[in-house]
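Below is one structure, written out as structure tokens; the observations come after it.
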Amino acid sequence: MELGGCATTRTVGSIVMRNAMDSTGAAAFEQLFGRDPVVLDGGLGTLLESRGNDLSSPLWSAQMLLDAPDEIRRAHREYFAAGARVAIAASYQVAYLQLAELGLDAIAVDDLLALSIQLARDARDDARLVAPGATGDVAWVAASVGPYGAPRADGSEYRGDYGLSVDELRGWHRRRLRAMAAAHPDIFAVETIPSYAEVDAISAEIAGLGIPTWISVTVADGRLRSGEPMESAFARAASVDEVVAVGVNCCDPTEVSRAIAAARSVTDKALVVYPNSGETWDAENRRWAGATGVADGSVAQWLSEGARLVGGCCRIGPADISRIAAEVRAGA
């Protein structure tokens, strides 16, 4: 398997990226995705777990890159079959320090990040979908850029209390962002970001990389998980040329409308929303608890409020994405 993909894919991707970088606001979204709303996939790790895979490792779904990469490819295929047109790669929890403890050097981790992107590309090929810029049913491969807290597996990405400066966070994110950029994803999915400090750190590091990016924060009670107001987070993220969309993920579905309004008040860039099922993760007991389900009609409401990319995060599976895709088609 060639981890970097074919030359044609790289050339097409660079053309699309350059066009997106030449635009601002909603126009950048349309350069990259077109005028219609786009359906994202659902939770990758929770789908893999529901298929009987053991994700008890602190690496979570990233463990499958080492143990069973074909299972990841299969999961991406399921989401494409359900109607998703963006596959978010299994790179969320891939981090150098944690993998060094398993004996992997930095170059091996770079290769693992590239593999995560290639598996999503392979699934796109399996589904007979095409890369941006080609003729046919287009699907996008997004490199997942998770927060500093994700590989710690202690729930700190839902608090943001790392005790690190913006410069320290920039240093942590730098190599993995550059490694993923070298694998030429169609877009960066910067997701589950809990604080201004990490928004600022990642924004500074993606500037100049030339990869279209969405930045999605995680929220509760109308604020970032750090307790900071949403509006400034969206404004900070939207100030970077590479950012074509801002929004929320890994939150309760009831938070979405308030987040859309907050984002709309500070930017005209596209909005991305992909909440959880409504359950919450109990990190101490490593289980999900609480109510579940995105209410019927929610997707139509989010679209009417301005969302342009819609999908699901934890505990949202292919059946849910199929329903979301149907709502998107009905409202298009």
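Every residue, even glycine, has its Cβ placed from backbone N, Cα and C.
What TrEMBL annotates here:
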| type | residues | note |
| --- | --- | --- |
| BINDING | C250, C313, C314 | Zn(2+) binding site |
| DOMAIN | 26-328 | domain 'Hcy-binding' |
Cβ-based neighbourhood (8 Å from the centroid) of the Zn(2+) site, residues C250, C313, C314 excluded: G43, T192, T218, N249, C251, Y274, P275, N276, G312, R315, I316
Neighbour-count leader, CB within 10 A, binding-site residues: C313, C314: C313
